[in-house]
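Visitor: Annotations for this protein, taken from TrEMBL, read as follows:
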type   : residues : note
DOMAIN : 99-134   : domain 'EF-hand'
DOMAIN : 135-170  : domain 'EF-hand'
Amino acid sequence: RKMTSSSSSSSSTELKRLLGIDGSVEMTEDDLTQCMGVFKRFSSNDRIPVSKLKEAFDALQLYVNEEIVDAHLKRDVQSMEFYDFASLVCSKKAKKRRSTHAVLFSIFGFLDKDQDGFIGAQELKETMDVLGEIGTDEKVNKMIGQLDRGGTGKVSYEDFVIMLRRSIEEPL
């Protein structure tokens, strides 16, 4: 269950298997590397003190409430191995992703006025009008064309998420 500092990508693949991380959680190699780096920074003797969990989660930009720390302390758990820490991080990342997905899906649902699973040109134009943007047919069709990977003339939820990801990673 322990990983050493000389762990390779095969050991992180093994860790993913042990943690039961599948495509629904999407804990990437970068996530694991970041998790291991934070664990090393806050641990001693290959264990992280429960009292340092909040700081460690802050370093990972994840929220952990005092109740989790208190629950571990009440069970007389003073520290944890990397496996247990990574499992906790994994569950927090999964919850954060599910929460993000729920928000994005709500926004998409708002834009998808006819609830057909796609945002069409007319729906985009109406949304732009509500937001005070002038949605000319040319502008709307250009936007749809940039987002529509399937060539359907409509934007799917997946296209919508990809567009948002790109806009976050590569700000305009």
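The first residue you see is number 1, and the count goes up from there.
Positions of Cβ are set from backbone N, Cα and C atoms, glycine also.
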Visitor: Tell me the residue counts in helix, strand and coil for the domain 'EF-hand' (99-134), as DSSP assigns them.
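Guide: Breakdown, helix to coil: 23 helix, 2 strand, 11 coil.
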Visitor: I need to check the long-range neighbours of the domain 'EF-hand' (135-170): which residues 6 or more away from its ends have a CB within less than 8 Å of a CB in the stretch?
Guide: 104-105, 108, 111, 117-121, 124-129
